[in-house]
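This report refers to the structure that appears directly beneath it.
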Amino acid sequence: MAADEARSVSRLHSEEDMHGKHHSTLWGDFFLHHVPCRPGQYSIMKDNVKIMKEEVKKMLLDVGSSDLSHKLECIDTLERLGLDYHYTKEIDELMCNVFEARDQDLDLTTTSQLFYLLRKHGYHVSSDVFLKFGDDKGDIVTDDARCLLRMYEAAHVRVNGEEILDNILIHTKRQLQCIVDDLEPTLQEEVRYALETPLFRRLNRVQARQFISTYEKSTTRNNMLLEFSKLDFNILLTLYCEELKDLTMWWKEFQAQANTAIYARDRMVEMHFWMMGVFFEPQYSYSRKMLTQLFMIVSVLDDLYDSHCTTEEGNAFTAALQRWDEEGVEQCPTYLRTLYTNIRATVKAIEEDLNLQNNKHAKLVKGLIIDMAMCYNAETEWRDKKYVPATVDEHLKISARSSGCMHLVSQGFISMGDVATSEALEWASTYPKIVRAVCIIARLANDIMSYKREASNNTMVSTVQTCAKEYGTTTVEQAIEKIRELIEEAWMDITHECLRQPQPMALLERAVNLARTMDFLYKDVDGYTDSRSIKGILDSLYVDIID
C-alpha cells in the first residue's frame, strides 16, 4: 500500500512537472473550421497552375540549349521557389548536361554554384575545382558578397577530409558575418538566412515561403514563375489543411478515449509539420496522415515512459505490446489498458488502409510501435540506475534509435507504396550509414536543447553529460561544442552517402529531408515541445494564403 501511495505521489509530481514544462495545444479545433480558400477559388488556382506548369516545361526545354550559367540559375530558382518537384525528369536531364559541361573555364561564383548543385543532386565532383582560385598560400580571397555566399553554400556539401572546403567554410562564414550589416537589403536578407540555415539544410516549404517574398523584390524576376510559385504554395497549403481536418477528428477521439492529455504533449499539428518536412509533395498526402498518426502515438509513448508510468508499469506495458493481443495487457492498470486498446485500433485501421492499397508491407507497421516502446523502456533502466554511459558512441547505440528516425524512414518507405521496393525496406532496417547519421543529428540536437530541462527532471542522462565525461570537458558549453562537431560530421556522412547512392535518390532524399526537419525543430529551442517558438512559421505554412 505504501509503495502504491508513493508511486501515486511520484506520478502526481510528474504530472505537475509535465504541465509546468509543456504548454497546451496552440490549435485546438482550429482546423475543423479553417478554410483557406473557397472551393471555386481552389478550382481556379488548379486550372491556372496546370497552364503555367506547361509553360515552364517549355521554358526548361529552351534552357537546355542555353549557356551553363543560365542552366544553373534556372535550376536554382525553381528549387528555391519549391517548384522543382514538378520537373524531376527535366531537371535530371539538365543536371546531366551540366555535369558533362563541368570542365569549362568558369569564374569562382559560377564554380561554387555548379559544385553545390552537382553535389546536391548526387554527382561526384572533386573539391579540387577550387584549387585554381587560391593564392600562393592556398587561400581564396574575394570581397564579392554574392561570391562569398555561393562559396559558403558550396562548403556545406562537403564530406570528411576535404580540407579546402573546411577552410572555405571558416573563411566565408567569418567574412559574411563581418559584412552582412552593410549589404543592400535583399542580399542582406539572403545572407542572414544562410548564416542561420545553409541552403542544403532548409525545409522545402519553409524555404519556398521565404524565397517567394525575396524573389518578388527582385528586378530580374520572371513574373510567371512568381505567380506559379504563389498558386502552387497556396494549393499545397489548402491540401495540408484538409489533412489536418481529418487528423484533428482522429486525434480528438484518440486523446479523449486514451486520456493522454494529463501527461502527453498535444502536438498533432506540429507532428504533421514534421511529416510534411519529409513528404511535402501532394502525391504523399496519405503518407503525411499515416505517419502523423503513428508518430503521435510514438510521442505519447515518449512522454509516458519519460515522466508518467512507473518502471513496473513500463515493463508490463512493453511486454503487452510485444505480445500484441488482448490478453497481454491484463497485468497493466486501467489507463494503460485503454491506451493499449486505442493504439491497436489505430494501427489496425492503418493496416486496413494499406491492404486496400495493395501494399504488401502493411504487417510491418505495428513493429514501429513495439520497437519504439522497447527503446523507451530500455532508457528508463539507465535512468533508474543513474547510469552514465562511458562514451557518446555507447549512448547513441540506444538513444539514437529512440529518436525514431530509423523507424520514420522505414514507415515512410512503406507509405510510398511501389516507389519503395522490398529491397529498399530491408536496406532501411539495417540501420545504414545515412539513417544512422540522421538519427545522430536528431538525438544530439534534441539533447542540446533539452539538456537543462532534463538534467533537473531526473530523466535519462543526456549525450551532453556523457560527452563531458568522455572528453573530460570542464563546462557544459565545451561539451555542447563537441556535440555540435559530431552533428557536422553526421551531415558530412549524409552528403557522402548521397554521392555513393546505395539506394535511388528519390528514397535517400527522404532521409535528408528528415535531417533537415530535425535541424529546423531543434535549432534554437525544442520547437516540438515548445511549439510557440515555431507558431509564426506554422501560420505561414497552414493559415496565411499568399496574395
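Glycine too: its Cβ is placed from the backbone N, Cα and C atoms.
What Swiss-Prot says about this one:
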type	residues	note
BINDING	ASP302, ASP306, ARG443, ASN446	substrate binding site
BINDING	ASP302, ASP306	Mg(2+) 1 binding site
BINDING	ASP302, ASP306	Mg(2+) 2 binding site
BINDING	ASN446, GLU454	Mg(2+) 3 binding site
MOTIF	302-306	motif 'DDXXD motif'
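Less than 8 angstroms from the CB of ARG443 (substrate binding site) sit LEU396, SER399, ALA400, SER402, SER403, THR463, each of them six or more residues away in the same chain. Residues ASP302, ASP306, ARG443, ASN446 make up the record's substrate site, and a Cβ search at 8 Å around their centroid adds SER399, SER402, SER403, SER450 from the same chain. Farthest C-alpha pair in the substrate-binding residues ASP302, ASP306, ARG443, ASN446: 15 Å apart. As a whole-number mean, the pLDDT of the motif 'DDXXD motif' (302-306) in this prediction is 93.
Every protein chain shown contributes to the tally, and the Cβ of ASP306 (substrate binding site) ends up with 21 other Cβ atoms within 10 Å.
A simple way to gauge crowding: the CB of ASP302 (substrate binding site) has 20 other CB atoms within 10 angstroms, across all the protein chains here. In the three-state DSSP reading, ASN446 (substrate binding site) counts as helix. Its own atom aside, the Cβ of ASN446 (substrate binding site) has 21 Cβ atoms within 10 angstroms in the protein chains shown.
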